[in-house]
Amino acid sequence: MQATTEQSGKKRKLAKIKNTNKFGYWFILPFFIVFAGFNLYPTLYTLYLAFVDISGFNFEGNFIGFQNFSYLVTNNLFLQASYNTMLLWVINFIPQIGLALLLAYWFTNYQLKLRAQGFFKSVFYFPNIITAASVAVIFFTLFDYPRGPVNMILMQTGVLEAPFDFFRSAFATRSIVAFIQFWMWYGQTSIVLTAGILSIDKSLYEAAVIDGATAWQTFRRITLPLLKPITLYVLITSLVGGLQMFDIPRLLTDGGPNNSVETLMTYIFRQAIEGGRNVSIAAAASVYLLILTIILSAIIFFLIRDKSEREA
């Protein structure tokens, strides 16, 4: 009798759990609807467009296999855009991660005891919340030819004898775009790294002090190794953002001069929106960008992860 009662009680509990689970599915259903409509379907449709020959305002096309991809790998502008994208990301990320690590070290070093840390963190993060359009206008005005503030200062100090047109020089334009990207994002990177350092167990640093370790030894032996997961996150997110660089090159010089800051995203925009509306070419370039992002992210993940994880 008692066994029968226990079994009936278990059945009621299982039935209650099943009913609860049904309500759980209803709660997560909106996410899947939004994901399917705004992520999954556009991705699948882009894959379809990459293998057909749709252009202009046509909505139907013939299957042409990998012809769109073959066109891309032989197109000089696309290859130039790929090179520019990687170059601009590398030359802005290397100083960005270096300065962010230095700032994070200063903010978390108990021996330095920096005052007004909240103020400095806010100042460093401030460029990240300014809209790209505003930033582009500011820097275009600063480096304007012939009477921009930078030209005036350089001539008054004797560095330049005559005004220099920065936006007609490929090197200068690339340097300005890379600096803008660095300036806009180093603050966020430093905040993320600071949070990562603060999450490290303080007892490790106390033990290092007792053992007589120097500040550099503590940073190299304790902070950097334990900061690997955060560093990996910063690298991946920076890579994804760098490969999708669009607003500053587009708004500042529209990819010029001589396509020196034409990026993959500006190339995709031109193909899809401007000119002949080569939608299929734009879709193929988007698929290429997705594959490139996945490959580079996998390489970074493999290089940064712990040695024990590699051997496993």
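We number each residue from 1, going along the chain as drawn.
The backbone N, Cα and C atoms fix where each Cβ goes, glycine too.
TrEMBL: automatically predicted annotations, no manual curation.
Under the heading transmembrane segment, TrEMBL lists 23-41, 86-107, 119-146, 226-246, 279-304. Taken from TrEMBL, the feature domain 'ABC transmembrane type-1' covers 82-300.
Long-range contacts of the transmembrane segment (86-107) within the same chain: residues 114, 117, 120-121, 124, 174-175, 177-179, 181-182, 185-186, 189-190, 192-194, 196-197, 219, 223, 231, 234-235, 238-239, 242-243, 245, 249, 261, 263, each at least 6 residues beyond the stretch ends and with a Cβ under 8 Å from a Cβ of the stretch. At the 8 Å Cβ threshold, with sequence separation of at least 6, the transmembrane segment (226-246) lacks contact with the transmembrane segment (119-146), having fewer than 3 such pairs.
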